[in-house]
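Following: one structure in structure tokens, then a few remarks.
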Amino acid sequence: MSEPEPAGSLPEAAGQEKRLSNGGSPAKSKEDLDLAAVYVSDAQYNRNIFFDTSPQAVRLYLLYNHWVPQVLLYVFILVDLCLAIFEDPAVVPLPVWATMLVELICLSAFTTRLVHYAKVIPRDKFWKDPKNICIIVIVLLSLLDMMIYGALKATDHNAVRWSRVLRPLLLVNVTEGRQLRRAFRSIRNALPQIFLVFLLFIFSVLMFSLMALKLFVKRDLKTTEGEPYFTHYLDIVFDLYVLVTTANSPDVMMPAYNANFFFAIFFFLYILVNTYIFMSVFLAVVYNSYKKYLKEEVRQLVRAKRHKMARAFAVLQERREEGAEPVVTRDCWNQLVRLVQSDISTAHRELLWSVSDDKNQGYIGKLAFVQLADLLNIQVITMKSRPHPLQTLCPALYLSPPSRLLCRVVQHRAFVIAFDLIILVNAVFIGLDEEDPVIGNSEWVFLALYMLEILLKLYAFEPRAFFSRHNFWNWFDTIIVISALIATIVNTAVESSLHYSPREILDIVFVLRVLRLIRVVDSIKRFRTIINTLIRIGPTILTFGQLIVVIYYIFAMVGMELFKGKVRYVESSDPQQTDCGNPLLKDSAFANRNYCKNNFNDVVSSFILLMELTVVNQWHVLSSGFTAVTHKSARLFFVLFHIVVVIIIINIFVAFVLEAFSVEYSVEKGDLQTSLEKKINELELAVAQEQQEENLVDSMETSDNDLGSGQSAKSKPALMFKIASKRYRTVDGLLQRMFEADLSPDDFAAEEDADTPNFSNPIFSSA
């Protein structure tokens, strides 16, 4: 990996190679190291911003990427979005001037952030970036809307805050929103293929609707509400569209089926064609489009990452002698790593260098240097073996044969299985009658066994190892058991003194008991694989959650303006007599089913209603209520929401989950790890087998982790290393590695110079 590479064209950058006539190289300045550190950090976190390379601009760029202004930015975005809670129609009403003042402060924060961004990139790049233009337009339109709304309210005229639908777009267009932009880009890329399938789907619905009209219009059939059945073409189209979602099945079929059972064949054919075939085709098209464009975006990202690393190499490169290939020395590399990741331990840094410079030359070439960003993204745990405190205090007792036997029993796999069985038995007792004294008192027995398990593990394992930040299940078990013990003691004390059990405490106890069952799942390998996959795609699920919030917010703002006050929740002793505050809903299915709280009277109620529409069960009844109080064209709002959220976004999310599990299982079976990861694993194995060279282990100091078991501490090296996960922590990291193998190792995207248009980062950071 450290062999010199062929010379190649390098991008122009400030502080490039400085050569001396005698072949030597001067020491790198602080400005050179800062610039190279910025390039490496951008590659590590998948940022692709063409910033000015002057020292002042680099310092501003470092400040721009600091976590404090980034957190403040999201705080202001959250405050801006939450203003809908206090604006008309409000959950908690506030004066107009108060909400506008807060919004003005938020807009000022967004403008300040944008000006800061403009200071670190060339002016022509700033104005060519669509994200910046979008933010400027949103801010200006928001200010214009505030002035118009304030003027109309001051003169007692009706006014609409139309700019509120633009607020979530700030979440998409800020520089840090590259993951969300990637999700929207996935939708945009899939739309052409989805549109063609959707046209065929609509054509099928229209054809079946026309057949239904001709079949049933002359038969004088009635619905269960006494309305004419399938007599208006547009109503038939809507009912059959709802049938695709199965929300009105079998209700929509029953009048025809009651008239003649042969009519059931019509509905079965319709469901087969449109529900099972077309909906499956939608998913297939989305999945195929997702994979196609994802692979291309990953290629683009890897090239951009290598391009950044090539720039860093160009800043730090030296020539050890005249005519030799450029390299980066060990001292320069160490200074760079300390700048990029200041909290990295000496042991970790030396381990990374041993991977890069596998020939112990004291310098590395371009190809090895480019791997630094990926090396820093692999979570390496440094373990320091320590003796158990009892071994230090009472060595004779702790190292005695009975003590050693006890430790071996606790560390054996059978010990874990035994307590998993105890947890399952406890689950059976939880499901039994708690009023039975035997069942009620058994909880004390199980709690005592759980406490004994924790104490035995603390005896067998070094306490700091047992409670290290990487041992999730130890923390989980301890917190659950102690919390359940405290809750049970409090419940028993209250029951003894007041002769009744508070429902709240009992609820806590029952929940804690059930949570204990989660640990059993981790004992089964296949279950553990599924859980690990879900954990890895957690950040991406949050990104799709942000996407849903953006769509919900837009539809909620539109829905509140269209339907606010049309439906109201009215307390009534007879649910069948309510009209939801609107006479038009009297005796309707919407009112009779007591759906009155499902309204657009405030942003919280709107979000709950949109969630119910996403589930699609009874969504036609929900839409019928708002159609009854407005116009039948209101159905378009609900159909559009169903198309955008259920057909497009949910299918893209399902496609992502399918790909996530496919990659997870393919990696497990095919071992698609790169040579870099394999090298790390080899070092881990060597340390585990105590074959690591002494100069690598003994010469390093660390305070990274205190891990190790008590009685086996003497048999271990002073330090040990392992990778926290055999696979990357996010599925996007796995996909990136999988597609990166298709690129040539010496492809540094040299053609992507500073004139290349900026593009949004298409990959969720795996760091």
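Here the Cβ of each residue, glycine as well, is placed from N, Cα and C on the backbone.
TrEMBL: automatically predicted annotations, no manual curation.
Among the features that TrEMBL reports, region 'Disordered' is placed at 1-29. The transmembrane segment annotation in TrEMBL covers 67-86, 92-112, 133-152, 194-217, 229-249, 261-287, 414-432, 444-460, 472-493, 533-555, 634-658. As annotated by TrEMBL, domain 'Ion transport' applies to 71-292, 413-666.
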Annotated stretches the transmembrane segment (194-217) and the transmembrane segment (133-152) touching (3 or more Cβ pairs under 8 Å): no
Surrounding residues of the transmembrane segment (261-287) on its own chain - C-beta under 8 Å, 6+ positions past either end: 190, 193-194, 197-198, 200-201, 204-205, 208, 211-212, 215-216, 240, 243-246, 249, 252-253, 647-648, 651-652, 654-655, 658-659
Close approaches to the transmembrane segment (414-432) from elsewhere in its chain (Cβ under 8 angstroms; 6 or more beyond its ends): 439, 442-443, 446, 449-450, 453, 510, 513-514, 516-517, 519-520, 523
PLDDT averaged over the residues of the domain 'Ion transport' (413-666): 82
Which of 92-112, 133-152, 444-460, 472-493, 634-658 contacts the transmembrane segment (67-86) most, counting Cβ pairs under 8 Å: 92-112
Same-chain residue ranges lying at least 6 outside the transmembrane segment (92-112) that approach it to Cβ under 8 Å: 72-73, 76-77, 79-80, 83, 85-86, 135, 139, 142-143, 146, 149-150, 153, 170
Contact set, same chain, for the transmembrane segment (133-152): CB under 8 Å, 6 or more residues outside the stretch: 96, 100, 103-104, 107, 110-111, 114, 127, 158-163, 166-167, 169-170, 173-174
